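Per TrEMBL, the features are as follows:
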TRANSMEM  26-48  transmembrane segment
DOMAIN    41-290  domain 'G-protein coupled receptors family 1 profile'
TRANSMEM  60-78  transmembrane segment
TRANSMEM  98-120  transmembrane segment
TRANSMEM  140-158  transmembrane segment
TRANSMEM  205-228  transmembrane segment
TRANSMEM  240-260  transmembrane segment
TRANSMEM  272-292  transmembrane segment
Amino acid sequence: MRRENQSSVSEFLLLGLPIPPEQQGVFFTLFLGMYLTTVLGNLLIILLIRLDSRLHTPMYFFLSHLAFSDISFSSVSVPKMLMNMQTQHLSIPYVACISQMYFFILFVCLDNFLLAVMAYDRYVAICQPLHYTSVMKEELCVLLVAGSWFFSCAHALLHTLFLSRLSFCADNTIPHFFCDITALLKLTCSDISLNELVIFTEGGVFAFLPLCAILGSYIRIGATILMVPSIKRICKALSTCGSHLLVVFLYYGTLAMIYFIPSSNNSKVKDIIASVIYAVVTPMLNPFIYSLRNRDIKLALGAL
């Protein structure tokens with residue numbers, strides 16, 4: 001493409017959610033309430049785990065990091081979305097947009113790894129209960145979380161570096177409420193074949209490896225339970241794994257809505273709605289899922 005068709009983009013315009021102007025106030029209040037619920041609910045889980053000695057176990061150690069990740073994940077995009085809805089100031093600087101994309105990818109990947117680590121913890125607890133304390137040592141738990149952070153940061157940094165080398169055309173309008181990498185790639189004037197290759201290879205590996213670990217863990221759990229089937233064992237397994245399975249279903253279900261369901265004429269609206277569920281609703285539901293279905297959390301909350 002000729003150089004005269006390119007320009008140095010200093011900012012982007014986030015069009016936000018497809019909401020009629022007369023309904024902006026209602027939706028602003030709704031999303032603000034959901035965001036505050038997300039932050040306060042997940043902070044409460046972290047506080048309970050820190051204060052109650054009964055919750056100083058590997059499962060709740062991983063849960064505290066998942067709660068922190070959910071707070072951060074939601075905070076990457078929702079405050080800017082709320083500000084745009086309230087002020088109608090849709091611009092976001094180039095550096096802020098790239099930074100938002102980096103942290104969004106980081107916490108998406110971190111959630112992937114943490115859900116896989118929690119599935120492995122449940123596998124050891126149910127399939128190898130006599131060896132649980134010797135396997136899930138504090139050193140291993142710290143190593144699993146540190147590894148999740150390291151690979152998530154590296155994954156996000158790789159995509160950010162490949163995107164930063166691209167030049168953007170005069171059109172700087174992003175039809176989304178945050179700086180999504182796929183939306184940014186559509187605005188560039190440069191060759192994006194290398195970016196797409198990295199997304200489909202490295203990105204696919206980091207998306208599907210945790211999912212395979214989760215599925216493998218729960219297949220082994222199911223096989224172990226069915227070897228000696230009993231109502232008591234099944235109920236205990238469901239009470240132990242039910243909350244985690246529900247979070248996994250919500251998390252990967254919305255991902256499938258965005259990337260795997262065939263596009264239609266309203267694909268942009270569908271993707272935005274799925275992204276709202278993914279970035280706003282799911283982090284808000286996690287505290288309710290874990291507190292309402294978890295006896296230990298409810299006991300700790302009652303004690304507090």
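If you go along the chain as it appears here, the first residue is 1 and each next one adds 1.
Backbone N, Cα and C define each Cβ position, glycine as well.
TrEMBL does not curate its annotations; it predicts them automatically.
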Same-chain residues near the transmembrane segment (140-158), Cβ under 8 Å, at least 6 residues beyond its ends: 58, 61-62, 65, 102-103, 105-107, 109-110, 113-114, 117, 120, 198, 202-203, 206
Per Cβ pairs under 8 Å, the stretch of 26-48, 205-228, 272-292 packing most closely against the transmembrane segment (98-120): 205-228
Averaged pLDDT, computed only over the residues in the domain 'G-protein coupled receptors family 1 profile' (41-290): 84
